[in-house]
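Lifted from TrEMBL, the feature list:
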- 47, 48, 49, 50, 75, 110, 147, 148, 149, 150, 272, 273, 300: carbamoyl phosphate binding site (BINDING)
- 142, 176, 236, 276: N(2)-succinyl-L-ornithine binding site (BINDING)
- 5-160: domain 'Aspartate/ornithine carbamoyltransferase carbamoyl-P binding' (DOMAIN)
- 184-309: domain 'Aspartate/ornithine carbamoyltransferase Asp/Orn-binding' (DOMAIN)
Ligand code: CP
């Protein structure tokens, strides 16, 4: 594997999930694979889980790890081709990415969308420029439109905790105070549509996701109906795709509560974190046995390790 940017870069998702679970049982089985190999983890935006879990995964594989918080520590990047750089930007992405490729065997990059220009964000121009100019394999640490390491960890979690062959998985929109990207729900939908699950998306009118990511899902604006008999509930906020990046008024009653769990099949509640307590998800859920959010975050290590192992094997 030379690129991990979406589910489409994975030959067989079931095998990758199984690999993650095997690594969870035996984290140091491939400690020699990454010897004298270096991964650079480049963050243009904040992170807790992605940064630490990917770093731990790489260390488990015996790799050297360099972390660069580009947003705080790097030179201000110029992203436009042909720019006359007489303003605030100091270094062009062409040189920055190419230089990183000189130091690293694999690069991970996190780059959030601006949520102002939909075409710009959905073209994944920053992520794609890193891929183009760094010259080494690249793993997405969350791009403008996808978060594949999160989705793989989510699928590993579902595989691990499911009590039936084909569980019902519901992605439900949740309220938030800020406009958030569509990367996590897009990516989760894309992975679930390829997994052996009954997949339902519930959101208020106006929060339709780009259909490129939801092909095969059942989509409804009736949250109560969607939650019936659910085995897993994936809670996530996202801003509107049209009008792009907007928070629409109302819908506070979409926050999940214990009462809403009653018609489910004793559903396990997932969230990628960070989560705003009592806005997106109630204390009573997060502090209950129904919540598997910490378990899910723990699985980020095995998702990253499965992907990095495949990348190292293809170097
Ligand atoms: N879920 C997730 O990606 O967390 P971080 O933003 O903290 O990395």
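Using the three backbone atoms N, Cα and C, a Cβ is placed for every residue, glycine included.
Here the features listed in TrEMBL are placed on the structure.
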{"residue": "47", "record": "carbamoyl phosphate binding site", "Cβ within 10 Å": "17"}
{"residue": "49", "record": "carbamoyl phosphate binding site", "Cβ within 10 Å": "19"}
{"residue": "75", "record": "carbamoyl phosphate binding site", "Cβ within 10 Å": "12"}
{"residue": "142", "record": "N(2)-succinyl-L-ornithine binding site", "Cβ within 10 Å": "27"}
{"residue": "147", "record": "carbamoyl phosphate binding site", "Cβ within 10 Å": "25"}
{"residue": "149", "record": "carbamoyl phosphate binding site", "Cβ within 10 Å": "26"}
{"residue": "176", "record": "N(2)-succinyl-L-ornithine binding site", "Cβ within 10 Å": "17"}
{"residue": "236", "record": "N(2)-succinyl-L-ornithine binding site", "Cβ within 10 Å": "21"}
{"residue": "272", "record": "carbamoyl phosphate binding site", "Cβ within 10 Å": "25"}
{"residue": "276", "record": "N(2)-succinyl-L-ornithine binding site", "Cβ within 10 Å": "14"}
Among 47, 49, 236, 272, 300, the binding-site residues whose C-beta sits under 6 Å from ligand 1: 47, 49, 272
Cβ atoms near residue 300 (carbamoyl phosphate binding site) (within 10 Å, other residues, all chains): 26
Between residue 276 (N(2)-succinyl-L-ornithine binding site) and residue 147 (carbamoyl phosphate binding site): CA-CA distance (Å): 19
Residue among binding-site residues 176, 236, 276 with Cα closest to the Cα of residue 300 (carbamoyl phosphate binding site): 236
Mean per-residue pLDDT computed across the domain 'Aspartate/ornithine carbamoyltransferase carbamoyl-P binding' (5-160): 97
Spatial neighbour of residue 142 (N(2)-succinyl-L-ornithine binding site) that is closest, considering only the binding-site residues 47, 49, 75, 149, 272 and their CA atoms: 149
Cα-Cα distance linking residue 176 (N(2)-succinyl-L-ornithine binding site) and residue 75 (carbamoyl phosphate binding site), given in Å to the nearest integer: 32
Residue 75 (carbamoyl phosphate binding site): secondary structure state under DSSP, collapsed to three categories: coil
Cα-Cα distance, maximum over 47, 48, 49, 50, 75, 110, 147, 148, 149, 150, 272, 273, 300, record's carbamoyl phosphate binders, Å: 30
Residue 236 (N(2)-succinyl-L-ornithine binding site): nearby binding-site residues from 47, 49, 149, Cα cut-off 10 Å: none
